[in-house]
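Working notes, structure below.
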Amino acid sequence: MDMDSAHLDSSLLTLAFRLIKAAQTAAPSVLADLLAEGAPAWFQDDDLGWSCLHYAAERKEPECLEVLLQGGAVWNAVDKWGRTAGEICLSLGDEEGWSIIRNEGIRSEMLHHALSGTSSPDATNNIVLRAEDKTSAGDNLVFLKSKLTWDVGKDGKERVLDADGNGVMMGWEEPLMVEHVKRLTEEHPKAELGAEGMSILNVGFGLGIVDRLFQECDPKPSHHTIIEAHPQVLEYIHKKGVHLLPNVRILQGRWQDWLLDGEKVGDVLSGTPDGMGFDAIFVDTFAEGYEDLKAFFEVIPDILNADNGRFSFWNGLGATNPTIYAVSSSLAELHLEDVGLQVEWHDVLIPESMREEVWKGVRRRYWDLPGYRLPIAKMSLI
């Protein structure tokens, strides 16, 4: 919503600046009157890139925030430093104000999906959480044609970069993947010593960290399917001999090719016990947005074992901004509930050193938060 003031006629521009000024000191009724006159609530000033919502957040007056949001203020508009009004609230210790903005984000995103009438990953609607991006980092089809590079970062850990220098998979994520595998397998009856082992589905190989961790479990997986689409990653898989490991099966292609095709779903399930679904499913794709993740949610009931199955995903959408990250996580929880899954969240601390050193030599930083919200979803008990 960062629109140039040149697009406004003089009368609207005057109203926009009046609203910006009023948001700093005026009563909520004055803000409501200006909005009723047509003042553009999305407008951001040139000095700070602040909207009326940013200025109102600085006042710590919740009613002003509510009036502005009802009048069209944009909950996730960012200033010149990438901060939403929610971060202004957080910096001032205003939990109530932050909750108002977060809840509006959840409401507007849920409304977006309800009105879009589709969850297809090919839909033209772009979720507000993620702007349109036709680079290899923002478009999965572009990414699948891009050249990848494997190297070692300044932190001494292996990483995969795309042709634009964006991190596809980076070694710093391994402690988080350890937690994912731990939460997906702990106390599962098939993961106990002497048991037959779990059936695993992983979508998106990357550096193979999560697949290696699953293979290190005792007992090892009784079945382990990996869906991967990038040609170079598939070459890497064969170079490492992953496809030769016992009970491992590689399905080449996008997950949409396999799981949105009714006939192929049966092939995917063919290796699970009695074809009744996987015991653990993990998804971590690159250059896909929330629409794609939501579409994946909707196939989970068809491929997850209903009794003890667990599902998790790389929870990285909006992870450079705490307010957007909170909205994204809440939205995912609500949409998982829509398809019959209950989510438990596990908070994992990310050390400051890990958040700084790893980004040297990487074009686009995709993480900038002190904590990670790890989701574990299970089918709801009726």
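Any Cβ shown, glycine's included, is placed from N, Cα and C.
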Checklist entry - Out of Phe17, Phe43, Phe143, which does Swiss-Prot tie to the same S-adenosyl-L-methionine site as Met177, Phe205, Gly206, Leu207, Gly208, Ile209, Val210, Glu228, Ala229, His230, Trp255, Gln256, Asp284? => result Phe143
Checklist outcome for this item: Close in space but at least six residues away in sequence, with Cβ under 8 Å from that of Leu207 (S-adenosyl-L-methionine binding site), the same-chain residues are Glu158, Arg159, Val160, Met169, Met170, Gly171
Checklist entry - So how far apart do the S-adenosyl-L-methionine binders Phe143, Met177, Phe205, Gly206, Leu207, Gly208, Ile209, Val210, Glu228, Ala229, His230, Trp255, Gln256, Asp284 get, largest Cα to Cα in Å? => result 23
Checklist outcome for this item: Going by C-beta under 8 A and a gap of 6 or more residues, the same-chain neighbours of Phe143 (S-adenosyl-L-methionine binding site) are Ser136, Ala137, Asp162, Val168, His230, Phe286, Ala287
Checklist entry - Do any residues at least six apart in sequence from Ile209 (S-adenosyl-L-methionine binding site), in the same chain, have a Cβ closer than 8 Å to its Cβ, and if so which, in order? => result Met169, Gly171, Glu173, Glu174, Met177
